[in-house]
Structures are given as structure tokens and as C-alpha cells.
Amino acid sequence: MEEIGILVEKAQDEIPALSVSRPQTGLSFLGPEPEDLEDLYSRYKKLQQELEFLEVQEEYIKDEQKNLKKEFLHAQEEVKRIQSIPLVIGQFLEAVDQNTAIVGSTTGSNYYVRILSTIDRELLKPNASVALHKHSNALVDVLPPEADSSIMMLTSDQKPDVMYADIGGMDIQKQEVREAVELPLTHFELYKQIGIDPPRGVLMYGPPGCGKTMLAKAVAHHTTAAFIRVVGSEFVQKYLGEGPRMVRDVFRLAKENAPAIIFIDEIDAIATKRFDAQTGADREVQRILLELLNQMDGFDQNVNVKVIMATNRADTLDPALLRPGRLDRKIEFPLPDRRQKRLIFSTITSKMNLSEEVDLEDYVARPDKISGADINSICQESGMLAVRENRYIVLAKDFEKAYKTVIKKDEQEHEFYK
């Protein structure tokens, strides 16, 4: 056996090797060994114990979830009870840490108070209006930014229906207003490419009845920007500090809704030349003017907010308001000349049923100084005279009588003021 290279010891060693390699010979159908069964059983028991443990944990988590829901509902009810009115209005001054702050009350006292955990800390900014608990003075709510109820922003359905075509004449004024107000809002890149800053504000001045407010209405109609209209006298309030606060609210509202246009009519009510004021009311008006100047200087050119001001007394305005950088463009609205009269008459009478005998050129050629409002009043009065006589056509005699009535009335008013 040794001669042919077969050793007995090696042969004996190969016999158990055959038994070990039996699973590879396709005899696995004979089933696992007893040792394998014991391993599988022990593994099964272990998994069963883990399953029972997980089931117990699941029940515990469900019970804990129910308890947390009850606590959450209880906490919500507690927060509602804490925030229930009446509450004390205060002012947030400074945050000490995440849970406490210093607030000021309406009585003038400052308090070191706790902050309700549900309040968003990002809303707590200096001078923000907050609600304090009536007993503990704890800070329980953050009020929205203050805005005066008289400040109205015209929505798309509230904007006037006055169009540029409804305004007779004033071609130069229309062009200047559109260049200073509309163009920077719609094509700001043009100014950027040229390398100049667009006008910040526009002053419209001229005699009464020359179309200043009407042109502002047309701007509001044709632009998609937010339009805020206030009258200068609205800033003069009863209590000290209310007027400057209202000015801040107007500009804050405009910045929040940019692009926006602020139209301040009768600006001479608060922007007259400053003098040595002797009364508290005069000093308050001057403080309103200072706040207005500050807000106009604080304009960020990246914010699309434009200011339009209108007045009949441009000579009484403070020079600080008129300087370039605040009101860059000043547009005069003079009494209409002959060409402007013709355009205004034709625009107003375009919707009227006039007789062929009515010669508008005769009224245009008359030398009387009349404004656009006077021309509109003449046309309206002639229509009323036709209605009085149950006619559907306005005759020449109606126009003549209306013209004399309006012009005579204006002369009497002027003589009265003299």
C-alpha cells in the first residue's frame, strides 16, 4: 500500500471527512442534527421573550401617551386661563434670559417678569407691545404691531376708478408723476443701469381745483402697488406722541406691503416752517414734522416705497422738507391755459348729451381765470339746469347761465376773503 502511495492512517482520516461533507452531497433532506434543534429552540424562546418584553413596552408607551395627551390638554386649558382677558398692556424692554424679561407698564413702572414658555422668543423685540397677566404681570402674549385705525391701505377693489384719460390736459404733470412714481416701481433696473437713484418723493403744488388729488387717484388706479392715503391733519392727535407714532405706523405699513405709495394730502397742515413755538400744540406739530423728516431720510432705496405730497401753500412749507433727497421732484399745477381749458372741457363733456348749438370754444376763449374744478362745476350745473326743465339735452343757454353762476360765485367768495 505504501508503494502505491496509499497510507492506512490517511485513509482512516478521510472517512470522517466524508461524514462532515455530507451536507454538500445533497443529503440535507435527512433533517438537522439534535444540536441544531436545541439551538433553534433556544433562539425561539429568546425571541419569544423579546416579543413579550416589546409588548409590555408597547402597553406602557400607550398608557404614557394617554397621560401626556391629558397633560397637554390640561396645559392648553391653563394657558387659555392665563391669557384670558382682561390683560394689562405693556411694552417689552429687554430680555434677561430665556425665561425672564424686563417690561414697562402703562403706569410708567418697569417690572422683572417671567415669560410664558409657549411664546415665540423671536417676536420679543424691543418696544414690542405685550400682554401682561393682571395679577403676576407675567408676559403671556405678544400683541401685533400697533397701527392706527385711521390708516387705511386701499385694496385692489377699493382703488379709485379714475384713469389718466379722465383727466383733461396736464400732459406734462402726468408724465412727471409717472416718471417719478410708476417707473421706479415697475422698471427699477433702468435707473440701476444708468447709475442714478430714483426720486424718493414728489410734491404736487398749485391753486385749489387744479387736479392734484385727481392725478393721485389715477396713479393709485394704474399701479399695482399698495396705496396708502392720509391727510396731513390726521397726524395731529389729542395726546402727545400720538402724531409721531402714527407717522411711524404709516411708513411701517408701507414697508411691510412694498411696493407701496404713500399719498399725504394737505401736507401744509404739519409741515409749515418751524418757529419758536410757545404752545404745546405747536411743539407737537413740529415733532410730527421731525418724525416725517426722519422717516423719509431712513428710506432704504432697496425698498420700493414712494411718497406723494400735495398742498396749496408750497411757500409755507419747511425748507428741510423741500431739499433734494426728500422731495426730489416738485410738480406745479397752475391754472389751465387756453389749450388746457379746451382739453378739460372736451374730456368732461364727452359723456354729456349736448346740443349742436353749444360752442365750447367760446367758453375756452374767455379770459376768466378758472380751474379744472370750476370747469367741472360749470358742466355739472348746466346739466342740472337741463334736468330742472325736464330736458335730456343741454342747451347753450344752460351753459351760459351755469358759467355766469360759477364765475360770479367765485368772485363773491374772493371778495369776502379780501
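The backbone N, Cα and C atoms fix where each Cβ goes, glycine too.
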- The candidate from Ser28, Ser105, Ser109 that Swiss-Prot records as phosphoserine is Ser28
- Annotation match for N6-acetyllysine in Swiss-Prot, from Lys134, Lys273, Lys401: Lys401
- Residue, out of the recorded positions Lys212, Lys401, whose Cβ gathers the largest set of other Cβ atoms within 10 Å: Lys212
- Fewest Cβ neighbours within 10 Å, where candidates are the binding-site residues Gly206, Pro207, Pro208, Gly209, Gly211: Pro208
